[in-house]
Amino acid sequence: MSLNAQFPKQVPFLPGHVFSDPYKENHHKTQQFSNVNGTVQEKTNFIHEEFDPNLLDSMKMGTPPNLTYGSRQPPENDYIPRIQPPWLKYDRAVLRFYSYFQESVVENPNENYRIRQVIIYYYLSDGTIHVTEPRVQNSGIPQGLFIKRQKIPKKLGKQDFYTWEDLQLCSNINFYDRVYRICDCDTYTREFYEYMGKPLQLPEQLPRDNFQAQKETKDLKINPPDTKEYKEYFEVKLGGGHPNGGLNKYLSNDRKVLSFDIIWDDASIEGQLNYYTLNYYLADETCEVKEVRKPNSGKDPYPLMLRRQKIPKQPILTHYPGMTLKKEEFYGPLDLICGNQVKIYGRDCFIYGCDDFTKEYYLKVLGIQQKPATLKQERGKKFYQPVPPYNGYGYEEDSLGSVYSLQPKPPKKDVRKNFTQDQFILRFESRLISEVREENQRRFIISFYCGDDTIQVYLTSERNSGIWGGKFQERSRQKNPLTNDYYTEKDFQLGAIVQFNVYKFQLMRADEFTINYMKQKPDVFKEADIKQIIAKLRMFADNYPNFDSFLLDIMKKLDKQLKGQIEFEELAAGLQELGFNLTLQEQYYLMREFDISGEWKLNMQALWEGIGGKRS
């Protein structure tokens, strides 16, 4: 019975309505996995598994179960390959070669062959090659992909394909019966061949065909020699500016100036040596000559001897300078060397020096070392103008203001000193030095104001002396007749003699503030520094055989009665007997330093230890 007789009568016999088994109701696809008792299992009805009888015997005999028979063979390549395949090692690595082939041209009188440039790409990952031709605008030739990417056989019909070793520079290669000449390659290709130990040859140039040479000749346009002048003329006529041909030179040398010192000896009757500065501008090769002005030279100030322009070596003297056909030679950097003569419009000038920038420029750019020339020094003219004597009005600085300028200015004061030292006043008790015996008994208080170096003198009066006390001299600045300078604070020392006008005073004592002030400034009042006083005493020890004998001699001469304390008069007499030339202020501070009891008596034990003696 045929299958057609089994079909139901109500189903038409058309394509798509015919089944192999028309009575089959389940048409689902057989599944590999099934669910048995809630567990997913794999159906193994159609899977044939091979078994090893030796493995089964070892499992039955109770030997250690080995999953594999024998030792496992090490894999050649793991999931991290030890030997990388080409598709992984050379992924996206492409060798590029520049080549050409020659194509014949027929029925063209201008050319009989044509040079067509192509690029050969070799893919290292699979050894495929594709050739492309760069598109040239308006070439009239269909260009682009020349050979699709594929493995190219060396001979048609054989399985021997080209590899990267077959591609060499300056060699011919045949792709499908077309010969290509390989000329050059890119940098990566050359480095790859050197890495593989097969360096490439030197590249060669691409040849030129007749059509290309004729095209270059056709596009070449030669302007007439006077076209540039015509263009500049019409541009200026239409309102444009002059073209700047030296723009590059101007930008590279802008604000670079070579400065030279020159001298011109004017040999005329009223002439003299004239000093100038020659500035050479590298931007436009122009020069300017400036006069070096000197005070009280007796000449009118002319700032420029020559304005900025090019200086010709031999100037052309003509009534029409712009229409002369002679060419002038101008001075350049090679002509401006120290020691050379420069002729500036009939004036022979001598170059005797230059600045540091000029020396550096000549040494680095031109390789010339500038050596300045030595000139004879002129004797300066000395003018003596005596200062008129002091007229007695104000201070001397006030009267000198009218000497130094026509409009006198008030003398400047030391404001900083006035602010910092104004509160310090040094007071000394002094006596008058006079030929009259009675005058020597008069006592004065001298006050020195550190803020402005002024001095004020007061006279003290004794009862029933017949002398009125009070202000003896107004506060003012006084000059030292020995140095002709104003008195300062360092001139006031105990025992010093100062003179105000015709009166001489000897400083006898000072108040406690003045003593402490001098003690705090040993750099100014050196005789008030106890360290320097002791050092001065120790210097006299060089006249003794040893230091101990020096100390014993001091103790014997000062404290003759061995009281342990001496008065100021005994100290002064003992030092004079020893030959130690200490001033009155040094003796005073020595007495204050070693007066332990406060009774104005010097302690000999403290003096012994202060000078350097060992403590008993």
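Note: Cβ is positioned from N, Cα and C throughout, glycine not excepted.
Sorting each residue of the domain 'DM10' (91-197) by its DSSP state yields 12 helix, 48 strand, 47 coil. Sequence annotations record features per position, and here TrEMBL assigns domain 'DM10' to 91-197 (among others).
Under the heading domain 'DM10', TrEMBL lists 254-366 (among others).
The feature domain 'DM10' is assigned by TrEMBL to 422-522 (among others). Helix, strand and coil counts from DSSP across the domain 'DM10' (422-522) read 16 helix, 43 strand, 42 coil.
Away from its own ends, the domain 'EF-hand' (546-581) comes close to residues 537, 540, 587-588, 590-591, 597, 600-605, 607-608, 611-613 of its chain (Cβ-Cβ under 8 Å, at least six residues beyond either end). Under the heading domain 'EF-hand', TrEMBL lists 546-581.
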Mean of pLDDT values spanning the domain 'DM10' (254-366)
88
